[in-house]
Each structure stands twice: as C-alpha cells, then as structure tokens.
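Everything on this sheet refers to the single structure shown next.
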Amino acid sequence: MASAHHSRRPRETSQTSQSEMSVGRYTRLGQIGKGSFATVYQGVHTKSRTYVAIKSVNLSQLNKKLKENLFSEIHILKGLYHPHIVALIDCHETTSHIHLVMEYCALGDLSQFIRHRNTLGEHRYTRDMIAKYPNPRGGALNEVVVRHFLKQLASALKFLRDRNLIHRDIKPQNLLLCPSPTSYRAGVAQIVPFKGSEDSFSPATGLDSLPMLKIADFGFARSLPATSLAETLCGSPLYMAPEILRYEKYDAKADLWSVGTVLYEMVVGKPPFRASNHVELLRRIERGEDNIKFPPENPASDDIKALIRMLLKRNPVERMNFADFFESNVITSPIPGLIPDDTGTLRRPSADLDPLGQNSPAEPQPSPGAAAGSRREKDVSREDQITYPQRTTAQTPRSGTPPSSVPMRRGGSADKAPSTPKDTATTYPQRPSTVSHATAPGRQELLDRNATTAAMERQRNRHTFGPSQHERPVDKAKEEQERAAQDVAFERDYVVVEKRAVEVNAFADELAHSPRIQGGFTRNAQTGAISRRATVQGPQTTATSPLASNTKAMQVFPGRSRADSTHARQSSYERRYGQSPTSATSAISKALNMASGRLFGMGFSPPMAITKGGRSPPLAYNPFPAYPAAQPTLLPIGDGSKTNATLDEDAKTVQVIEECATRSDVVYGFAEVKYKQLIPLAPSVPTDPSGRSSLPGGYREPSDSTDGGLTVDAVVTLSEEALVLYVKALSLLAKSMDIASAWWNRKNRVDVFGDSTINRTDASMTVVGSRINNVVQWVRSRFNEVLEKAEFVRLKLIEGQKRLPPDHPSHPNNHSIGSSLGSGASVDVVVSPGVTAEKLMYDRALEMSRAAAINELTGEDLSGCEIAYVTAIRMLEAVLEEDEMPSTAGDKADRKDGEQTMLDSVQAEDRQVVVKLVSSIRGRLTALQKKLTVLAKRPTGSLGKTPSSNLTPVAHAVGATPPR
C-alpha cells in the first residue's frame, strides 16, 4: 500500500505496485484503464474509505494544444455542479503528472450497457430493472429506460446550455452510469463512492429505481453562445454532426445531432449511420436524405421516432433547436408504461437525495490555504461495479469514472442499513485549482471483446452471473463480432485538427509497446492465427511502461483490423481531414500540406510557377545525405536498381517509409535555415565566423528586440518561407506514418485471417518490425518538433505582419477575405503570393545542383558534390511527392511507375520541368559515383581538393536524421 502521507504534491512510491501512491488525501490503487496520455486508477479516500477514479495524466510528451485542452476541461469542470455531470473532486500535480480525482461510476458507460443488454438481468444492480422493464424483441433497451436516460441527459444539457457550453463529444462512451438510488438504499452495493457534491448521486429527473446517467469527458467542451459558430473538428465520427464532417462552421446544435444518434442507438442497438471513414459516413448521411429508418420489428413509440427524426436533420437550420428539445413531450411528459411501484417517483433536485440514505460525517471545509482542490467529503452509497461476461478484457474506462473489471469489496460493509441524512446547505464548495496545465487525457481504447468463441466461453466461466455455459455460443460469437465491428469500424474518438499530433504519437507508442515488434510474437501451433491475434489484442498496461502517451488512437489500432469486423476499416492515419488523427479519405492531410490551412489557420494566395525566381534572400544551406550509414549507395529511389525487384513486400514498405522520411528531413533542413535566422542567439552559444548560430534548436518566444537586426519585411519573408517549408515537412512525415500504419494494419489482418501466402518467420517479422519502429519513433520525434516550430513561426509571422506599414500588401488590413484558408481559426495567416514550399525547394535544388556541377567540372570536393546531388534529388522528389496515399488500388494502377510520387497540386508543365531536372541530376550523380569508385581504387588517389565555400553547414541534433 502506498504511503498515507497527505501532501499537496503526491510522491511516487517505489514499492512493488507502482500504481499505488498517495494523491493528496487519496490513495491511488490499481490501474483500471489506460487512455491517451492518461491512465485511470481506482482510488480511495484514506480516511473515509470512499472510492474515486483518479485520472493520472502524463505531462512529458504533450504539446501545447493538448495541454490547453486539459486545462479547458479542468476549468470547465471546476464550475459544474450537477447530478448528471461527472464531478471533478480534486486536482493534484507532480513534476511529471497531473492527477484528476473524479467521481466513480460503477456501471461503466452507456455503450457497454447497450452492448451487453442481454445479460443485464443476471447482475444484481440491474436484475430488478430488467424484471420490471425487459428489453423488447427487435429493439435495444426498454422504452421506459430509454426515456429515463434521455430525461437525465437533457437535464445535463440544459444545465450546460444555460452556461453557453457545448460539449462537442456526446456519445454513449461518454455517458457513464451509476447504480440506482434504490439499490443503495436496499444495501446492495459494496463499494462506497465519494460524492462530488451533496446531490451527486441523487437524480434530478427520471426514476429512482433505474441507473443514473452522467456526462463525462469535457476535453472538447467550450463556451459557445447560441449565436456563435465554431469550426474546430471535434467529437466522435459515428456521432458527429454532418456540418462538422463537411468542415463547415457549426453551433451548439451539433450536440443535438449527437443526442439523436445516441437516442437512436438506445432504441435500435446500433448507430443510425456507420461507415469506415468520414467521407463515406457523410455520403451515407447525405444519401439518406433525412429519411431515418427503423427496423420493422422495432417497438419504439411514434413520439420517440419523431423526436429522433427531428434531431437527425442534416441541415442544422432544419434541426430541432434546444428550446424545442427541452420542451418536447418526451422530455417533459411523465414516462408511460411505468409499473405501479414506480409511478410518481420522478426525481427533482433536492437536498434529501443521498444515495446512501444515511447521515455521513462531513469533513470541515478547508481554508483557502489548504491543499489545492480540497472539498467537503461524505460517504455515499455502497456501490459495486458491473462486469460483463462477454468482454475478454478490462472494462473500458471513461474520463473520471471507469470501473475496474473486478469488483472491489470491503468486508462487513455490504448489508449495513442506511438512514436518511438531513438537508444540507445549497452553497457548494469551490472546485480545486491547479498550478499548471496538462494535456487533455485521451479516451481509453475500446478493447477487443471477441477474439474467439473459446475465449468468450473461458471468460464466462470467470463470472458467476454470466449466461449458461452451454447457451448459444455460436450465436453469441456472431453477435459479438457484429457489435465489435460496429464499435471499432469507426471508433476514432478525437476528431480535431490538432489530433494529428496525437495520432502520430499514438501509433509510435503502439509499435514501441507491441510484443511483436519487441520479439515477443509467438505462434501457437494448436490455435493458429486466432491465438496469435490475441497476443496483440490489448494494450500494454504495465505501470513501468516507458511511454505513457498511449492514446485511444493507438490502442484502437489492433482492433481496427480484427477478423470479425464487417467494415473495410482504414487506419486513423489514412484519414486526413484536410489534416491523421483524410482527400476524400483524408481531410487533415490537405491541411497539413497545402499547407495545412486548418492546422495553422493559414491562407495562400495563388502560387507563382515554380520555375520562376524565388524571393528568398541568399541563405546558407549545406546539403546533407540522409541515412548515410546503412545505405550502400546514395542512389535515390527509382534508379532502376535490380535489387528492388527482389525485395519482398515488407522490405519494400521499409524502403518507402525510409525514403519518405528522408525527403522530409531534407525539407526540414531547408526550413531550419530560415528558422534559425528568426531565433535570437543565446549569449552562451558559440557562433561561426559569419555570426550564425550552430544550434539545432533552442528557440524561444519572439519579441520586438529579438529579431537580430532583421527588418520587419525580412522577418515576414523568413517566417512565410519557414512556415510553408515546415508544413511541407509535416505532410511528408504524416505520409510516412500513413504508410507504416497501413503496413501494421495489413500485418494484423494477415495474422487474423491466417493468410497462407505470407510465409514469414517470427524472427524476420521482428527484424522488419524493429526497423519500421525505429523510423516511426524518429518520425514521431521530428513531427512533434516541427509542429512546435511551425506554430512559433506562425506566431512570428502574425506579429511581423502587424508591424508592417498599413499600406503594405501583407499588412492584415490588406488581406482579402478569400485569400485565407483558415477562416475558422482565431487568427488567420495569409502568405504572400508566390511563396510556396515547392517553388522554394525547386529553386534551392537547382542552385545546389548547379554549384555541384561547377565543382565537379573543376575537380573540387567531389564527395561534397555527391551529397549535393543527392540532396537536390531528394528535395525535388519531395516537390513531386504525393501527400496522400492512393485511396484505392485503381488510383495506383492509373499511375505510371515513374509518376507514383507525383503531387497533383503541381501543374503538369511544371511537373515535367521537375522530372527532367531530376533525370538530369541523376545522370550526373551516376557519372560522379563511377568517377569516385575509380578514384577510390587508386592507392594515392584523391577525391578532389576541398574548395573554399561560403556555405554554412546546417547543424542537426545528434540522432536527428532518420534511422534505418
């Protein structure tokens, strides 16, 4: 057990169970789930022994955007006190983590409740509910239960709307359930949850005899008045409003679409629209033309169906508004079909609704100087957590209140008769404050639930309340497969522009933790592919895991290619929303490349032809080779080498990923030249004779006095050029991740289906996987670095443009409305006409190749000439690089072999110019390499004299170049 020492800043323990530690007045117990950047633990108050959920967020690998997300969540939760909203009880901080103490909900989330509805009658918490209100044939939940949950959801949403808050991620996984108040009073529960407020477990509406619903996870919530519009991509795809899928501005009505999808799922048992990607999802919504269909045998009432149809209007203008929703008959009228015992038990907010029904000693209210986040504490209902026999893994935790998969019981406390407490004051204690902000903890993955029928049967054997051991195993397996496909086919939680960074880190973490990559992948001769699949089914949840930023995006990955899925799912990296985290398959890639208008709110005026002269001032840039150690020659791709024909599919994938990463490294090096001229030199940093810094990084916030003597116009020029180059580098890095992700999904799919055409040994898989993992980890590190620097440069550009004369074309007052692609961003960035990454790269490659040709003719620095040629080729290949993977095999087949890396945005005539230049440089490179080979064989041969050069090498951090 962790130390009972209570401190403001919890200290990690070194005992055997590293998850146990002191968090203020709470003891953090075992892990019950893991999400993106956050691990959820069960916790207990060290004095009252009441239970909480502690979300521990790792701060070490989080970017600024995600930290703002978590800070926003904490800030919002501080001011929310409502029975149907999960409360933030306390907040504690260490140097590496921030710990959020949340209310504990024992019944899991609504998605699990619906999914396992056929076994609810066998659990003591829901046995009485099913006896009174059995689930209908042809439907999901009994309409009484549906209306009960909807009333409570509407109560919480009205509370949010009164405060101009929009949740932006309403979905069954974020709707948590607690045992009914009557189950507490009957002494059924054995775990006592800690109350966030006096009425935390007293429903504001609905029935006392049914489970209580709470909204959780406010990582995407924001203040949005009724007349305001937003444009950030947030929410879960299956429950996302079509206006968000279309990248249009939206208002609070987006939440009402999500409510409609949740209501439909409660009635039917599945979401109204399902697809393998966002584009297909939007297509199906549009194709439906607001004609919401219900299964013929579904017994839902006309009122419920009409409400769903009014909520699921594609056009937000036609969609029901909040006022009409809150005043609808389904919300305001009594629930029909109640049994006599439940008639007249509709609950309203009051002070006598204590779930325990007994007086609990309250701790004195702490003074303002007490530990941050100190709150009034009381014992509450003795509550057990529900486990579902079909699940083969731990219960999916949700923000703040996930139960563990094994009920925790306290002896001697189960059957104690409760009593009723006195009324309490309506004054609420203050929410805890936090000193620093962490990134938004990601949602926990949806773990695989149906590896095999045998695994399901074994899981049933572990539960005394499960169905009969001999009951319909085949049917249950099919049912689980169908539901798993529904859950995982499109279970990408975070759909936000900044999410690309999360996804990159997620996939890198997945590979780093995979036992297959680490050599732990083993075959079972008896169970075959299914057994092998089970070895990578769930995430690694050890407390000693070196990488803590495991996002949902990462942990959903294995399940995304499970055999039982009925969807042709694509990896999250194949979806770029005009940004990873989707062209019609990927909108984020368009924003990352073109250059990531949505990511940086950046607009572009029409680019000039890349063959024209650039406006970049003379810059010192020294070419460098990528992958110098492991590459036998410096020949670029497409050189006709016969060895390519002998490479198997995995080796080809490795080569493509490494080459794409290499091109990104070349572009990054060029961007660094621009970037370093914008960064002031630290006093302790040595300089070269030209006075230029040799540091690979070390930037800090801009100020008027830190421009190093540059004019305002020069600052704007450098910022624009650095920004477009960084964005180009990001697009190439993202593509590397896309390719690796597709390979990983393909490997998992092959293992599940047991494809006999792939005959690869475990050792070979480990070698290939390790090599890809090395590149992926490098890409992750570089992506995060470039993202931060691009944001810095963007801010620098905005600052510089504001300092320009009012009549300057680049002054913000002179930007045309149509010139900005980032109209939804808080601050738009417009780049001057002609400033494109492709043009800058072309000009630089041409300059380098010409200089190298002159040196080659004079016999000077031949090895440097080789490097210059290779770098120029790589840079031109990056110009021609397609920023999105072909969405279909037909797309790839339509391209000639030599044009598969062409960029559609480059004009055809300009493309031909680049292709000819690449061919010319390759010819010179081949001739030079032959010359170098001959010279190398001469005992006293020289590779040419080293010329004096005015080019300053671009410094790179140790290990900065892509590994092989």
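Including glycine, each Cβ sits where the backbone N, Cα and C put it.
Per Swiss-Prot, the features are as follows:
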| type | residues | note |
| --- | --- | --- |
| ACT_SITE | ASP169 | active site, proton acceptor |
| BINDING | ILE32, GLY33, LYS34, GLY35, SER36, PHE37, ALA38, THR39, VAL40, LYS55 | ATP binding site |
| COMPBIAS | 374-385 | compositional bias 'Basic and acidic residues' |
| COMPBIAS | 387-403 | compositional bias 'Polar residues' |
| COMPBIAS | 421-437 | compositional bias 'Polar residues' |
| COMPBIAS | 469-485 | compositional bias 'Basic and acidic residues' |
| COMPBIAS | 537-553 | compositional bias 'Polar residues' |
| COMPBIAS | 561-577 | compositional bias 'Basic and acidic residues' |
| COMPBIAS | 943-952 | compositional bias 'Polar residues' |
| DOMAIN | 26-331 | domain 'Protein kinase' |
| REGION | 1-22 | region 'Disordered' |
| REGION | 333-445 | region 'Disordered' |
| REGION | 458-485 | region 'Disordered' |
| REGION | 534-584 | region 'Disordered' |
| REGION | 685-707 | region 'Disordered' |
| REGION | 939-964 | region 'Disordered' |
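Cβ neighbour count within 10 Å across all protein chains ranks ALA38 highest among the binding-site residues ILE32, ALA38, VAL40. Note: the Cα of VAL40 (ATP binding site) and the Cα of ASP169 (active site, proton acceptor) are spaced 20 Å from each other.
A Cα-Cα distance of 23 Å separates ILE32 (ATP binding site) from the residue listed as 'active site, proton acceptor'. For the pair LYS34 (ATP binding site) and the residue listed as 'active site, proton acceptor', the Cα-Cα distance reads 19 Å. The Cβ of LYS34 (ATP binding site) has 30 neighbouring Cβ atoms from other residues within 10 Å, across all protein chains displayed. In the three-state DSSP scheme, ALA38 (ATP binding site) is classed as strand. Across the domain 'Protein kinase' (26-331), the model assigns an average pLDDT of 85. In this structure, the C-alpha atom of ASP169 (active site, proton acceptor) lies 18 angstrom from that of ALA38 (ATP binding site).
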